[in-house]
Amino acid sequence: GIDPNYRTSRQVVGEHQGHKVYGPVDPPKVLGIHGTIVGVDFDLCIADGSCITACPVNVFQWYDTPGHPASEKKADPINEQACIFCMACVNVCPVAAIDVKPP
């Protein structure tokens with residue numbers, strides 16, 4: 001699953017749709033972790049959509065990632081500021097790719 005310490009153990013390598021991206025990244029095979037409040041490990045995400053369905057405040061939006069070995073799209077936490085910390089996304093993710101931490 002996602003490294004719960006990624007916010008301190010990984011380097012911020014960029015920004016995407018208003019949230020930080022934690023490396024390493026080497027597209028299209030290695031995409032890193034997107035988000036700080038709601039972190040999604042793009043390298044673990046298999047795009048089953050359970051987090052998108054479970055989230056009551058629409059934190060996630062599909063983002064196309066052609067060529068990635070795990071899936072061709074990812075649940076991108078573009079509205080992480082809206083998170084109400086219900087942990088629904090964390091609880092339903094089949095590959096434990098999400099970590100939520102209040103700011």
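Our numbering is plain: 1 for the first residue shown, then up by one each step along the chain.
Just so you know, glycine gets a Cβ as well, placed from its N, Cα and C.
For the annotation N6-methyllysine, the record in Swiss-Prot points to Lys29 among the listed residues Lys29, Lys74. Taking Cβ pairs closer than 8 Å, the region 'N-terminal extension' (1-36) reaches residues 42-44, 63, 65-69, 74, 76-78, 80, 95-99, 101, 103 in its own chain, all 6 or more past its ends. Within 8 A of the CB centroid of the [4Fe-4S] cluster site residues Cys55, Cys83, Cys86, Cys89, the other residues of that chain are Val38, Cys51, Ala54, Pro56, Val57, Val59, Ile84, Phe85, Met87, Ala88, Val90, Val100.
Here Lys101 (N6-methyllysine) is positioned 19 angstrom away from His16 (Zn(2+) binding site), judged by their C-alpha atoms.
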